[in-house]
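These features come from Swiss-Prot:
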| type | residues | note |
| --- | --- | --- |
| BINDING | R23, G64, K67, T68, S69, E130, D131, F132, R173, Y183, R220 | ATP binding site |
| BINDING | T68 | Mg(2+) binding site |
| BINDING | R312, R317 | DNA binding site |
| REGION | 1-183 | region 'Large ATPase domain (RuvB-L)' |
| REGION | 184-254 | region 'Small ATPAse domain (RuvB-S)' |
| REGION | 257-354 | region 'Head domain (RuvB-H)' |
| REGION | 330-354 | region 'Disordered' |
Amino acid sequence: MTGDNLVSAYVSDAERDVEASVRPRRLAEFIAQERVRDQLDLLLQGALRRGSPPDHILLSGPPGLGKTSLANIVAAELGTSIRVTSGPAIERSGDLAAILTSLGEGDVLFIDEIHRIARPAEELLYSAMEDFRVDVVVGKGPGATAIPLDVEPFTLVGATTRAGLLTGPMRDRFGFVAHLDFYSPADLETLLHRSARILGVPITGDGAVEISGRSRGTPRIANRLLRRVRDFAEVRADGVVTREAARAALLVYDVDALGLDRLDRQVLTALVDLFRGGPVGLSTLAVAVGEQPDTVEEVCEPFLVRAGLLARTPRGRVATEAAWRHLGRTPPNGIFGSDAPPASDLFSVEPDQP
C-alpha cells in the first residue's frame with residue numbers, strides 16, 4: 001500500500017490476510033465499543049440459553065472500526081458457521097436465494113455494505129428474515145411460477161457505512177442495531193500492544209502513543225501504520241518500535257502528526273494558499289489538487305471535517321483556523337472556526353453517554 005492511501009480506512013485485497021491475523025476471535029478480546037459489546041453479549045447469551053438464533057443484527061459506522069470482526073465474533077460465540085458476502089456481489093435475487101438455501105440451522109449470514117444490495121434481492125431477503133422462506137420465480141411472463149422454499153433459521157448480520165441509504169423496511173427487520181464510534185487514543189494504544197504481541201513486534205509505550213495519535217481513531221489504520229513502522233524499525237533501526245522510530249517511519253510515508261497524508265495536506269494548502277481559506281466549490285478545489293471531486297469528497301473531507309480543519313458551508317469549502325495553524329500559516333482575523341477547539345483533541349473526548 002502506498003503512502004498516499006496508508007491512512008485510508010478501507011481494506012485492500014492484498015492486506016486482508018494479515019488483517020485477519022490480528023482480528024479478535026471472541027467478544028472478550030474486542031477492544032473498546034463497551035456499550036455495543038455489552039449489548040451484544042446480552043443478545044447472544046440470551047439466544048444461547050433459549051436455544052434459538054438471536055435477532056438479526058445491523059452494525060453501522062465508518063469503515064475500519066470492527067464491523068466485520070464483530071460479525072465473525074457473533075458466529076464464534078454462537079458456535080455456528082458464517083457465510084460472508086457483500087451487497088454489490090448480490091446482483092440478482094437468484095444469487096441470494098442460492099446463499100440462503102445453503103445455510104445450516106443457526107448459521108450466520110454476513111452481508112457487508114448491505115445498503116448496496118440490489119432491490120429485487122432486498123425484497124427476497126424480507127421474507128427470509130421474517131418467515132425463513134423465499135419464493136423463487138421460475139420462468140418468465142404469464143407462465144412464471146413462484147416456488148416457495150424453506151430456509152433454515154439463521155441470523156443475518158448486516159454492515160453499512162451509510163445507514164441513511166437503507167430502506168425503512170430493511171432497517172425495521174433488524175432486531176438489534178448498533179453504531180460503532182471512533183476509538184480513543186488510549187483504546188488504540190491497547191489495540192496496538194495486542195497486535196504487536198500477535199505479530200511478534202517489540203513496541204514501547206511511547207511508540208504506541210505516537211502511532212495511535214496518527215491513526216484517525218481507526219483500528220485498521222493503526223494496525224497498518226504499525227506494520228509500516230515495524231518495517232522501518234527492522235531495516236533502519238534496532239527492530240523496536242519506539243517513538244523515534246515511529247516518527248521517522250511516518251515521515252518517510254508522509255503521514256503527519258494528525259494523521260494527514262499528502263492529499264489531505266494538498267487540499268488544505270490549496271484552500272489556504274490559492275483561495276485564501278475559501279469558500280470555494282468542490283469541483284474547483286478538486287481541479288486545484290489534480291483529483292476527481294468524488295475523491296476529495298469521499299476520501300479527504302470526512303476526516304478533515306471531523307478534525308475541525310475544514311468546514312462545508314452553503315457557499316463552499318472553508319479552511320478553519322486550525323487548518324491555517326496546522327500548515328504553519330497565520331490565520332486572518334475573523335476566520336471561520338476561530339473559536340473551534342484544537343484539532344489534536346479529536347479522539348480524546350469520551351462519547352456522550354445516553
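Heads up, the Cβ atoms here are built off N, Cα and C, so glycines get one too.
DSSP assigns R23 (ATP binding site) to coil in the three-state reduction, outside any helix or strand. Site extent for ATP: among the recorded binding residues R23, G64, K67, T68, S69, E130, D131, F132, R173, Y183, R220, the largest C-alpha separation is 37 Å. R317 (DNA binding site) and D131 (ATP binding site) are 48 Å apart (CA-CA, integer value). For the region 'Large ATPase domain (RuvB-L)' (1-183), the predicted model reports an average pLDDT of 88. In the three-state DSSP classification, R173 (ATP binding site) falls within coil. Geometry remark: R23 (ATP binding site) versus the residue listed as 'Mg(2+) binding site', CA distance 9 Å.
Taking all protein chains in view, 22 other C-beta atoms sit within 10 angstroms of the C-beta of T68 (Mg(2+) binding site). Proximity note: of the listed binding-site residues (R173, R220, R312, R317), none has a CA within 10 Å of the CA of the residue listed as 'Mg(2+) binding site'. Considering other CB atoms within 10 Å as the measure, the emptiest surroundings among the binding-site residues K67, R220, R312, R317 are those of R312. Sequence-distant contacts of R173 (ATP binding site), defined by Cβ-Cβ distance under 8 angstroms and a gap of at least six in the same chain, are H56, Y126, M129, E130. Counting other Cβ atoms within 10 Å of each Cβ, the binding-site residues R23, S69, D131 show the lowest value at D131.
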